[in-house]
Amino acid sequence: MEMTRTVRAPRGTQLSCKGWQQEAALRMLMNNLDPEVAERPEELVVYGGSGKAARSWEAFDAIVKALRSLEDDETLLVQSGKPVAIFRTHRMAPRVLIANSNLVARWATWEHFWELERKGLMMFGQMTAGSWIYIGTQGILQGTYETFAEAARQHFGGSLKGRLALTAGLGGMGGAQPLAVTMNEGVAIVVEVDEARIQRRLDHRYLDRMTRSLDEALAWARESMAKGEPLSIGLLGNAATIYPEIVRRGVIPDVVTDQTSAHDPLNGYIPEGLSVQEAAKLRKADPDEYIRRAKASIVKHVQAMLDMQKAGAVVFDYGNNIRQQAYEEGLKDAFAFPGFVPAFIRPLFCEGKGPFRWVALSGDPEDIYKTDRAIMELFPENQSLRRWLEMAQKKVHFQGLPARICWLGYGERVKAGLKFNEMVASGELKAPIVIGRDHLDAGSVASPNRETEAMKDGSDAVADWPLLNALVNTAAGATWVSIHHGGGVGIGYSQHAGMVVVADGTEEARVRLERVLTTDPGMGVVRHVDAGYEKALQVARERGIRLPMYE
């Protein structure tokens, strides 16, 4: 392990590769491992328990070397974080194709994965860790903001003002929660076992305060709720201890969820009664005992969530598979509360809406502020988008290369991409822009306990859709395309695909952008048409998507 090595993406217009498409892949790989961005960069872990950018430092170095020598008509193949081949393809083909953590269905278990990982044959890519498009906590912030906003609309008249949200986990994903709640005018108590993670969110202004005392956290929360003021509190502790204690005291939060790394009971979730350091020792000394204790804690954690739901709280699973883990340990009504996608997000997916993100390769925040203005001018009628961008400018701390995210739908993404390409071509932006997204998107994931939970036609587990998404984006000329397994919810529970396309100001980039930013969100609309959603069919007809079964 190379404890002292620091990786940071180059900035500016000087190329170290043979073209901007390759340079973009190189910089985004390096950006994933920037200490400002990654959770444990010395171990190549970006976020999500054990989501890595490369399999080993040797593999990382080989990827960097390959990208620097890659021609404009060649494609690099990466298998679970290791570069395995370079083939001559053509200029409009992707420069990199990535497959991470994919296992044949019968062997798709954490136990088999860990065995392969120990042998150095595989790595866990999460969603955007192994596909080189993680942008830090902002990457999930707008989705988290939209989720809490929709909960507020459905249950609390449109705002969380004077309301308490209880959640846990301040890692790369969960770290967005406190700011998302305060952006919705609410009060958040976020339980986190790792003090360093709480400190990081304080440093980045995602979190307002920290305490070790539940009494103090509740006192602060009550005071802010009474005044109708937003406040976020990081509470040092274990959710498996704190949640049941809150139930015991008869305190009923308005909203309850969780974003601990419960999807991974070995490398993610920390059992009750252990410090981070003690957990690390037990994990190494007796992994089976560690998993047993983690799962017992998860059962207590979920039982408390069920108790709060019965007492009147709005409770939802925030996509970490915690219900499944508890169910497998014998908690039979673990699925009594819904996942966040069917509860709040699916109507957006029917329009091909999802987390469109972009990164300024110049390293200059001003390039992002210029693109913010361009987006507001492109969609002047979208007031919630304007509100989001204005809030993001004030409150979001850039991690690594400056980046932005906003949810855009079919027809909108292509307009944005072409506008960015024009801005690069004219010199308004100092360097090219990288455009990507989370794998959590409308048409790029099969995950029956998360994105495709409770599909109208029962097609929750059909994994053809993310594969078609990757294939069509490859055909359309994305700069790099990835197919992953297990992201978000753990090995055995999801299949998903990612794409990145670069706006470098050229005519070639314009063609790529026009195709990819149409096919990619188009798959989201099509997937939901096929599942029987009327809204998706209406969108497809209005916007001219060809559907052979409807022609």
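Even glycines carry a Cβ here, placed using N, Cα and C.
For TYR269 (NAD(+) binding site), the Cβ neighbour count at a 10 Å cut-off comes to 30, with all displayed protein chains included. Sequence annotations record features per position, and here Swiss-Prot assigns NAD(+) binding site to 48-49, GLN126, 172-174, GLU192, ARG197, 238-239, 259-263, 269-270, TYR318, GLY488.
The active site annotation in Swiss-Prot covers CYS406, and the record cites sequence analysis as its basis. In the three-state DSSP classification, CYS406 (active site) falls within a strand.
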### DSSP three-state assignment for GLY48 (NAD(+) binding site)
coil
### Summary
Note: among recorded positions ALA239, CYS406, least Cβ-dense neighbourhood at 10 Å is CYS406
#### Entry: Candidate with the highest Cβ count within 10 Å, taken from the binding-site residues GLY172, GLY488
GLY172
### Task
Starting from the Cβ of GLY48 (NAD(+) binding site), draw a 10 Å sphere and report how many other Cβ atoms land inside it.
29
### Query
Same-chain residues six or more away whose CB lies under 8 A from the CB of GLU192 (NAD(+) binding site)?
ALA168, GLY169, LEU170, GLY174, ILE198, GLY234, LEU235, LEU236, GLY237
## Note on the structure
Mapped onto three states, the DSSP assignment of ALA239 (NAD(+) binding site) reads helix
### Query
Within 10 angstroms of the C-beta of SER261 (NAD(+) binding site), what count of other C-beta atoms is obtained when all protein chains are considered?
27
